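Novice: Got a structure for you, written out below as C-alpha cells; questions coming shortly.
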Amino acid sequence: MKTPSNSTEVDFILLGLFSHTYAHLFLLSSVLVIFTTSLMGNTLMILLICREPRLHTPMYFLLSQLSFMDMMLASTIVPKMSANYLMNTRSISPAGCGSQIFLFLTLAGGECFLLAAMSYDRYVAICYPLRYHVLMSPKLCAYLTVGSWLLGAADGLMQAGTILSFPFCQSRTINHFFCEAPSLVRLACADTKAFEFFMYICCILMLLIPLSLVLASYSLILVAVLRMRSSAARKKAFATCSSHLAVVGLFYGAIIFIYIRPKSHQPGKSDKVVSAFYTIFTPVLNPLIYSVRNKEVKGALRKWLQKKV
C-alpha cells in the first residue's frame, strides 16, 4: 500500500520535454530562440501601442494586455524547463510547483476571457461603427481587462491551493515539463473525484463560455460583413477578424484538447507536444499574426524604425 508523503518537504520530479541527446539539445536551442523572439516581439508590440497615438484605441489596448499575458505565460514555463535540462536536474519544489499552477491558470484563464473581450470589440467596431467609442469606452475596457485578470487569478488560486493540500504517494514523478494541474491530480493518493468534477466545471466556465461568446460575436460579424456593399470595407473587416480568429483557434484548440476530454484518457507524449504549443509557440505567433496582417501596426513599426535610423 502506498503511503502519503509530506507535500511540503519532498520535491516533485519533472520528466521534462527533452532527453539528453544532440537532437534534443538542438530542439531546446530552438525553443530558447522562440522564447527570446516571443519576449522581443511582445515587448515591441506593447511599446508600439504605448508610443503610437494612432494605436490608442480599445482594440490595441486589449492587444497590449494579450501580449503581456503571453510574455508572462512563456516566462512561467520556459526558464525553469531550460534550467532543469542544462543543469541536469529534474526537481521542483512544492512552492515552485504551486506557483507554476497558479500563474499558468491565471494567465491561461485570463487570456480566454480577454479573447472573448477582443471579439466583442470587433463586433462593436464592425456592426456599430458610429457608436463604437460609446459602447467601447475606456472605462469598459478597464473593466473587461481587470475582470479577465481577476477571474483567471481566482481559478488559479483555488486550484493551486486545493491540489497542494492533497497527500501525495511515494511516486512524485510528473510526466510533464511543468506543473500542470491534471498531471498532479493523478499523483494524489486521496479521493479526488469531487475536485476533478470541480475542475471540469471550471474548464467549462473558463473555456467553453468565452469560446461561445467568441463564436457568437463572429457569427454576427460574418452576417454584417456579407451585407457590406463596399468590397474594400469587406476586405478590411476580414483581414482584421482573420488575425483574431487565427489566435483564437490556435489557443482554444490546444488548451481544450488538454483540459476537456474523457477522464479515461491516458496522458502521453502528445500531451506534452500540445502543451508546448500553447505555452511556447502560441506566444510568439500572436505578435507575428497581428503585425503581418495589420497595416496600422506595420505603419507604426515603420515610423519607429525611421526615427531610429
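Glycine is treated like the rest: Cβ placed from N, Cα and C.
Any TrEMBL annotation is an automated prediction that lacks curation.
So TrEMBL lists the following for this protein:
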DOMAIN    41-290  domain 'G-protein coupled receptors family 1 profile'
TRANSMEM  22-48  transmembrane segment
TRANSMEM  60-81  transmembrane segment
TRANSMEM  101-120  transmembrane segment
TRANSMEM  140-158  transmembrane segment
TRANSMEM  197-225  transmembrane segment
TRANSMEM  237-261  transmembrane segment
TRANSMEM  273-292  transmembrane segment
Novice: Before we move on, state whether the transmembrane segment (140-158) and the transmembrane segment (60-81) share at least 3 Cβ pairs under 8 Å, counting only pairs 6 or more apart in sequence.
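Specialist: Yes, these stretches are in contact.
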Novice: Across the whole of the domain 'G-protein coupled receptors family 1 profile' (41-290), what does the mean pLDDT come to? Round it, please.
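Specialist: Average per-residue pLDDT within the domain 'G-protein coupled receptors family 1 profile' (41-290): 86.
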